[in-house]
Amino acid sequence: MPTINFGGVEENVVTSEEFTLKKAREVLKNEVITVLGYGVQGPAQALNLKDNGFEVIIGQLEGDAYWEKAIADGFVPGKTLFPIEEAAKKGTIIKMLLSDAGQVAVWPKVKKCLKKGDALYFSHGFGIVYKDQTGIVPPKNVDVILVAPKGSGTNVRRNFKDGSGINSSYAVFQDATGRAEERTIALGIAIGSGYLFPTTFEKEVFSDLTGERGVLMGCLAGTMEAQYNVLRKHGHSPSEAFNETVEELTQSLIRLVAENGMDWMFANCSTTAQRGALDWAPKFRDAVAPVFDSLYRRVKNGAETRRVLKVNSAPNYLEKLRKELDTIKNSEMWQAGAAVRALRPENRKKKK
């Protein structure tokens with residue numbers, strides 16, 4: 001396994017050049033891969049596996065919208081598409097790709113279907129790490145493994161189709177067969193991962209929950225809203241406030257940072273922007289550090305898990321969620337955003 005230097009720290013990384021798709025096919029040649037859940041990660045991983053020549057079946061609540069989506073994607077009821085319990089019985093590798101709350105709901109049925117030597121696969125460590133709250137405690141005679149793509153289901157599929165793939169982390173929680181790591185890496189390669197980073201279930205879930213609530217979404221949304229509100233309070237128009245807060249970030253700067261790094265970005269902007277950004281970055285870092293410390297503590301002690309399971313399991317959850325999302329969508333900031341997005345250069349081209 002090659003090592004790569006990340007900021008002065010040597011880390012092991014599995015590559016698709018070292019562990020080829022051909023090798024993955026050999027490792028998984030006698031496996032039936034059951035994908036439980038056809039919502040977010042399910043379609044991408046299932047279709048990538050199918051396109052790479054692996055035997056895949058889907059387990060989904062019969063007749064719901066996701067069942068119909070699976071049919072539209074080419075899975076056939078009674079052949080490659082089954083109710084959840086039936087699909088779990090047929091598989092040798094059971095991919096638990098339902099929502100976290102969904103996994104808790106179906107676990108008692110899935111557990112009864114597991115056979116000695118099966119592999120129970122996750123793309124998120126939530127159910128296993130917070131077992132005291134989820135009740136997900138696998139039997140000792142199955143492998144318990146994880147491959148967590150570093151991107152949404154949409155990107156897992158999109159990148160696979162354009163040939164680039166997506167990187168993933170992987171972990172083994174329980175090795176009952178002596179083949180758990182080999183199976184895990186093979187499954188990571190099979191869904192299109194070019195590089196696989198070793199982790200643990202615990203580290204994956206702690207970093208993932210912190211990231212989602214932090215920079216990736218929660219902190220990002222909150223910070224953008226705060227700046228937009230300050231600009232509006234001081235008389236800037238909605239379009240100007242949105243452009244200076246969101247549009248320049250998403251359409252220009254973040255792409256350049258992704259390609260070249262933050263040091264390059266600082267070196268390739270106006271001297272006024274450069275000096276100001278360098279001066280203010282530490283202030284923002286120090287201001288939000290206590291919030292991140294608090295967030296990480298809540299993730300680690302299970303407080304965030306308790307909230308997720310309580311709220312997401314409520315009978316009126318979807319109704320309340322729609323109201324929350326509608327409030328955001330109908331806010332001045334994001335209504336301004338919709339108008340600004342319509343004026344992007346690529347949309348002007350479509351009108352001609």
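Using the three backbone atoms N, Cα and C, a Cβ is placed for every residue, glycine included.
Bear in mind that the values here come from a model prediction, so they are computed numbers and not experimental data.
Of the residues Gly135, Gly151, Gly153, Swiss-Prot puts just one in the NAD(+) site with Tyr38, Gly39, Val40, Gln41, Asp100, Ala101, Gly102, Gln103: Gly153. Cα of Ser270 (substrate binding site) to Cα of Asp208 (Mg(2+) 2 binding site): a span of 35 Å. Taken residue by residue, the domain 'KARI C-terminal knotted' (200-347) breaks down under DSSP into 125 helix, 0 strand, 23 coil. Separation of the C-alpha atoms of Gly102 (NAD(+) binding site) and His124 (active site): 13 Å, rounded to the nearest whole number. When the CA atoms are compared, the binding-site residues lying within 10 A of His124 (active site) are Asp100, out of the candidates Val40, Asp100, Glu248. Secondary structure from DSSP puts Val40 (NAD(+) binding site) in coil.
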